[in-house]
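> This is the structure I have questions about; it appears just below.
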């Protein structure tokens, strides 16, 4: 192997209280696709942000073509031919494709015509179907990502870093992206792919760097490894994945939650939910699949009472609860684990014990002569910390100091207790490491076995398939169909998620 | 680790006060005065006799209330900067109530009734701000600020009409009968029972905020209104309630000042209580117990400053400058502490790795 295109040697980065990266060394060759694989919090993004000049390393050196380099800002990184596409895009929604791409690269009077032509040519070169005059706000997420890529290409990038690029894409869009990656590297460019999805790694990477707890635990050629080995390296131990064997048939059970022809009209006039009807039985998990932003959040909030539907009814055990407010529904036994725990699910500046109290502060069981019964509450929190193996020194620990997985477990513990009848999970494992995901899946199945009804919203198809008894697909606020999970294949569900109707799908995908 | 934190807290706060004094000392130099002399006057003057020393606590009393008023809404992530107006409303009610009832009912009963009236009056005045915030989503910062001017106008109007003194010469009330004065705690000083009331209010607010479900909900809404709403907590109702309590606290300052110190209502008296209260609340980082000490510090600066002005010809406004400097440095010290702690943790990590 010749001199590496880029090389990182002995990089360490300390944040207060956390070692983000410790003695990380690896290199990337020209024309190579490198996957940076690891659980959340393994330090993947941090090391890439160091290469991109967003963070400064505390120790270690960077090299390009064997020569030592210093990168103190993204601007310097770009001059060296490095571009990074963040997980959350940095596009201006109110501007056109052209304006976004040339942003920061133009001076004086802008010759739009010239730029448009240039961008059009560049897009055609890579087979991107893009109109340079479109506004970003009108584009689908997958297309927005292409704009981000074009932005990098426009700056003559040779090393493209992508942080979790497929998290927001449908399976088909992800496939397109992989195609681009192959084209791009065929021309001698390099790509670094940050991901925690093993499948992607196996399909596109040439070489894989496995990271865990801020260190490199493996530097392996794709051809010389398999998913099992990678997952072991990534987690550091074996996992017992949930299987469907231990489940009983459930559909003969009584109906618990009914959503009847629910429509939600947004202020803009566009319906966020259109004529949705779903039934959830006792002891059943109903999976809601779909690309995020297709009405999942609204559906969850209608069930838990945060928003009222414009039309339609919601029933629990045959009782109409459409008009009831959140508090009444909590009392009724509806638990809700929201997708965004930091804004909707917990209070980061409060302790674990206080977060356990969040939904039941009106409940007399936590009060003693009008004061909060701190002793009882702490005991309860301590028990939950043990039951859910939350890694925290005490119930008094402030939630912000916990890792994402442990924060999620706090919310989960509370909602599982609150939701005596129905529990709504919106993306319960998003962004969590595999150990936590596994634990949460087991909890969900356990609650199902107790006879609770579970509404599970997820964009991870593997999660939907692993847990659901039945699956409904949501696209642009409409149900594309409800299926027994055995009836569906990944391909079929992917097409349904992309907006194809059932009839069209069976013709195309059989 | 706890010890290092406590050490940081003490050192940075003391340093902040010292730096504040040094900075205002430089200002004294510009005036051609000797700061060392000025400060020695400041320190010796406040302890020169019991009366002056007790006056520190007299001055601290209304400051505790207005500081609590700010701190309470601050915990709900709301800004009540209209404590001055709520204080005036309380003062008007205290004066009017006392004058009206002092010849009808026994003194102690008048005091209790007046206290309750100021609580309700100041509370409602404050609750209005919470109401327009909850109902129309108006900016409580601006509304509370402007409500002060309305309160001032009401006070001025009443002092020129219904409440004006018997001889109708100045815009002030008649003196209250001695029977409705707040009892003195220490004879020979001005220190009245209102100080005890203020300390109790601080403790009470602390208990309310940290020990009761209501206080818990107020803090929850303050930290994250979205998550609180999602948990079935009615944030809007709490906005009104928090502003009621806040306004009531500031209103009681009017009661302790009128019945405890002034024994009458004078137009536009104590014009800086509201602003100083905000400063004290920030100095105490919104902690009700911390407010007791911060208010006493400000009381001392106030008493000392007045005497310093009288004795050395230094304008007493330099004291306000000093308070300002101290506050700026105290706020900065918060960031210094965070920085120190981060560095300490980082060094600890690096050391652990090296082993």
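Cβ from N, Cα, C; glycine included.
For B:9-31, B:51-73, B:85-102, B:108-129, B:141-159, B:191-210, B:238-256, B:276-301, B:313-336, the entry in TrEMBL reads transmembrane segment.
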> Per the 3+ Cβ pairs under 8 Å rule, pairs at least 6 apart in sequence, do the transmembrane segment (B:51-73) and the transmembrane segment (B:313-336) touch?
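Judged by the Cβ rule, the two regions do not touch, with the required three close pairs absent.
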> Sort out the residues at least 6 away from either end of the transmembrane segment (B:191-210), same chain, that have Cβ-Cβ distances under 8 Å to it, and list them.
54-55, 57-58, 60-62, 64-65, 68, 71-72, 75, 181-185, 218-219, 245, 249, 252, 255-256, 259-261, 287-289, 291-292, 295
> At least three Cβ pairs under 8 Å linking the transmembrane segment (B:141-159) and the transmembrane segment (B:276-301), pairs spaced 6 or more in sequence?
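Between the transmembrane segment (B:276-301) and the transmembrane segment (B:141-159), which are separate recorded stretches, there is no contact, as judged by 3 or more close Cβ pairs.
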> Cβ pairs under 8 Å with the transmembrane segment (B:108-129): which stretch of B:9-31, B:85-102, B:238-256, B:276-301, B:313-336 has the most?
B:238-256
> Report, as numbers and ranges, which residues of the same chain sit near the transmembrane segment (B:313-336): CB under 8 Å and 6 or more residues beyond its ends.
12-13, 15-17, 19-21, 23-24, 27-28, 31, 33, 38, 272, 276, 279, 282-283, 285, 298, 301-302, 304-306
> When each of B:9-31, B:238-256, B:276-301 is checked against the transmembrane segment (B:85-102) for Cβ pairs under 8 Å, which one has the most?
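Answer is B:238-256, with the largest number of Cβ pairs below 8 Å.
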> Taking a Cβ cut-off under 8 Å, which residues six or more beyond the ends of the transmembrane segment (B:9-31) line up next to it in the same chain?
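Distant Cβ neighbours of the transmembrane segment (B:9-31) are 38-39, 314-315, 318, 321-322, 325-330, 332-333, 336-337.
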> Give the nonlocal contacts of the transmembrane segment (B:238-256) in its own chain as ranges (CB under 8 Å, at least six residues past its ends).
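Same-chain contacts beyond the ends: 61-62, 65-66, 68-70, 72-73, 75-76, 78, 80, 82-84, 86-94, 114-115, 118-131, 133-134, 140, 182, 192, 194, 197-198, 201, 205, 208, 214, 217-218, 221, 273-274, 277.
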